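Trainee: First the structure, then my questions, so here it is.
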Amino acid sequence: MEKEDLKLLNKGEEEEMELHGYRLCRWRLALVGFGVLCTGGFLLLLLYWMPEWCVKSTCTRTTARDAEVVLLRSTVRSNIYVRFRLMLCQLFIRYFTFHSTKYYWNHELQNFQVLMKLFFGVNEIAVKVPSVFKLLIKEVLNPFYIFQLFSVILWSADEYYYYAVAIVFMSVVSIATSLYTIKKQYIMLHDMVTAHSIVRVSVCRTNKDIEEILSTDLVPGDVMVIPNNGTIMPCDAVLVSGTCIVNESMLTGESVPVTKTNLPNSVEGEGDDAYNTEEHKRHTLFCGTNVIQTRFYTDELVKAVVVRTGFSTAKGQLVRSILYPKPTDFKLYRDAYLFLLCLVAVAGIGFIYSIVLSIINKVPAKTIIIESLDIITITVPPALPAAMTAGIVYAQRRLKQSGIFCISPQRINICGQINLFCFDKTGTLTEDGLDLWGVQRVENSSFHLSEENAYKENLVKSQFVACMATCHSLTKIEGQLSGDPLDLKMFEATGWILEEATEEETSLHNRIMPTVVRPPKQLLPPEPASSSERDMVHTSAYEIGIVRQFPFSSALQRMSVVARLLGEKRMDAYMKGAPEVVASLCKNETVPEDFAEVLEDYTKQGFRVIALAHRRLESKLSWHKVQNISRDHIETNMEFLGLIIMQNKLKNETPGILQDLHRANIRTVMVTGDNMLTAISVARDCGMIPPDDTVIIADAHPPQYGQPARITWRYADKPSKTSRYEPKSKEQYHFAMNGKSFATILEHFPDMLQKLVLRGTVFARMAPDQKTQLIEALQGVDYYVGMCGDGANDCGALKRAHGGISLSELEASVASPFTSRTPNISCVPNLIREGRAALITSFCVFKFMALYSIIQYISVTLLYSILSNLGDLQFLFIDIAIILIIVFTMSLNPAWKDLVPRRPPSGLISGPLLFSVLTQILICLGFQIITFVWVQKQAWYTVWKPFTDVCNHSSQLNVSELNNTELDEHNIQNFENTSLFYVSSFQYLIVAVVFSKGKPFRQPKWTFFLSLVKLFLIILINAAVSVMVEGGIDLRIYEHLSWLSCLRKRAPKARYMYLAKELMVDPDWPPRPTTTTEANGSTYEMRINS
């Protein structure tokens, strides 16, 4: 039944979960309640920590349809369970809320799903700041603090008051710091989300009236009016009329404004395509983005239809990812719990040992319970949580100093394991800006010779230059041209002028044009000098208006525009994009026969090549029809115009950084949207592919015409008759493929993909989602993958990688876990070095804390054998004066300056680490046993008793002083205690020095030794000064001090001195032999005998 009732939520998504249905059971609830009372509430805490146990102990299994309680289990990490009680809304539909998303029961699907069509709720991304009390309760109920509370109660019962107070103080400081940090993060996120989130918006109603409402009242389907002066979008909306210039840096980290055009209307006779966020993102205004300005036609308003609200928006999804981050599944953290369980098992042995020993020695039951439980508290050190995070905090601070900002600190440790790094090409490995190297026009289906530029009089009215001047998404913001750097370079090469059209300037057009481009007057050919007025009209008449834009699409790898020359009735379509794509959409007779050879020649030299095409549109296409036509009708039967050759130079730092990564045995992979041969050329230039290595291109073709899917293999460089292009060894070849081949292999050859990614170095023409799929494929073969990109089309890959770093000017971008303000890849080795240092620090600190527990455990166990223990102040001194100082200074070592081929271990449960810990345990155990036995073998050794004083054999104890002596009930004052305390204190220091690893992952530990040497020098100087001063006092200074004291006639402090002084001046003292002393009441009299 369980398998039949198993439901999957969010199937195929990141938050995929299994759902199990349960019904509440009264007798089980009563039984659990009785257990809670019997255990003093501990069972309730246990059920709070273990939701699975809570549900199974209070409920019975049932179908999801009849469930009152649901249990969710993550399919990503099978040990994560979440419990939810089903709620009932007004329409008697059952639902529950998980991660700020409501899941409703769907009778048709017989499963829970997000039913946004039925319930939208308030359009608000509600980040509620919890009260301090709620945060405190949640923090205090952490198992660690519950254990601390248990320990403090136990220590207080054993009269270890000082130590208990110190641990309480440490816990209070830790809780207060944690609460402050969490509260501050909630407030920052709340302020970031609420800023501009509630605004007044204008909404179109059915009667064409415009109503002003609050953005919180928006629901999907509302038609909102985008104001002319821009706004912060309060929801996700798709443009249905007009054009918007949008800054999406909050989402992508890319500060270049993006042009958003209206969604194309469906043509009659065609099936309506469903709206898809990914496919139509060039028409979608995303929540949280800044609309800088809008464009509209005639009297039409810029309108957008609301498609998503609240947490369903792009901004809401980002906020959810921050509020509910994906659990970090790292071997170190899993092994840490296993290691703690091992320590608890060791403590269990000590627990049994202490009980047996105490019973044999007839110790009172209360003492047996307290001391047996006390030995368990030693296994979990109080400073363990702070110690484990110290290294990460210091690493995060050092990263910030080097210009790398982190929003996911736990990933710093994982970065220390990275052994493969993916790089975007343009803007990451190469310069952001592209330089126009030349153009190569096509006429009569053949290439002209390459020309340096298109800024020529004879080309000013050519279709080639018209395509360069119109086919872009540039706009003017505050008088400055702004847009994609490639578009900017291409347009500037024409020398033309772009003007944002006004009604006066475009009055000659039938319709208002949003953008007009025209050449400068000096480029236009001179006209006959008939009249200056006619010349002026003719000169200004050569203008091209851009009627419709089809923005660049990463998936389609092209963009196109519809334009019209002033005075012409027919319109023209211009297209630019990837040469292979553009050529496939052109008439075959217009594409030169040597197109492939010319393109290959340019790409092999590392140039970025853009192809241009043109088409004269039918005269029946009016302005209104063009606004509603699909791009597929425009982008077909084009005429090939030629190529634009752009030079994309490598950044100066790129080759050196990649060489450092190769020396450190870190694989490098290029993932780009550029041409494959260009990418291979750049990979060779930057050293990603060595000059002598062979590149094998995998061309995969999907099944078609009844033939199965197939892969054809070829060399990137055409091999000659000799075999010099054959791979000399299995280590000297690389695979390269484009996005289409990758998609085909992923679908039809999944097993082959794992083999290809092992040696795949260049992945070209990759769409944004394919980059994410590649990261997942690399992680699937157990690579620790890093990703470096500019944040524009790499957001998914940056988030999915173990260590994604975005090159952005923003201080912190939600596009990736790490953001670098350094505009080159020099941040990559810095991140890996700091990750390795933080990882090694975590290992060192954990090993030290484990040894600290074991050393103290050994000391206490040995002392238990003589019914003794460490004292209150001894525990306090060890934990505060030794352990805390060592833990926080051990984490201070900065990262080593170079990357080395060896990586740190990924987990604690490994041979070398276990051997290291076990050998140190045996060494410490051996020397403590030797000390314990050696002391008892000494001639002066006696069993300690309250009156024992072996240091002063002639001691004469006064009875009154003896009565005031505090009895040693815990038998702490003994020789074994003192000896083990001294030895164990030095063992803590020795282990700290031994485990404080330096080179090759952290700065050498001689700095730590130097600190110790300085400390010993201070101690020696202190001792020398003390001895010299004391010796001087004994020899000479004492006499001078005595003489000085005689100058001051003070009353003697001692009674006998006072009496002696009185008797010296008494004339009747000493009594004379001829006198008699007689008592007279309370006095006496002296009489002289006669």
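For all residues, glycine too, the Cβ spot is worked out from N, Cα and C.
According to TrEMBL, the protein has these features:
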- 13-83: domain 'P5B-type ATPase N-terminal' (DOMAIN)
- 29-50: transmembrane segment (TRANSMEM)
- 161-182: transmembrane segment (TRANSMEM)
- 201-322: domain 'P-type ATPase A' (DOMAIN)
- 336-360: transmembrane segment (TRANSMEM)
- 375-395: transmembrane segment (TRANSMEM)
- 843-867: transmembrane segment (TRANSMEM)
- 873-892: transmembrane segment (TRANSMEM)
- 913-935: transmembrane segment (TRANSMEM)
- 979-996: transmembrane segment (TRANSMEM)
- 1008-1029: transmembrane segment (TRANSMEM)
Trainee: Mean pLDDT for the domain 'P5B-type ATPase N-terminal' (13-83), rounded to an integer?
Mentor: 79
Trainee: Tell me if the transmembrane segment (913-935) touches the transmembrane segment (336-360). I count contact as 3 or more CB pairs below 8 A, with pairs 6 or more residues apart.
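Mentor: Judged by the Cβ rule, the two regions do not touch, with the required three close pairs absent.
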Trainee: Taking pairs 6 or more apart in sequence, does the count of Cβ pairs under 8 Å between the transmembrane segment (979-996) and the transmembrane segment (375-395) hit 3 or more?
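Mentor: The transmembrane segment (375-395) and the transmembrane segment (979-996): touching, no.
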Trainee: Looking at the stretches 29-50, 161-182, 375-395, 843-867, 873-892, which one shares the most CB pairs under 8 Å with the transmembrane segment (913-935)?
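Mentor: Most contacts with the transmembrane segment (913-935): 843-867.
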Trainee: DSSP helix, strand and coil counts for the domain 'P5B-type ATPase N-terminal' (13-83)?
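Mentor: Tallied per class, the domain 'P5B-type ATPase N-terminal' (13-83) gives 29 helix, 21 strand, 21 coil.
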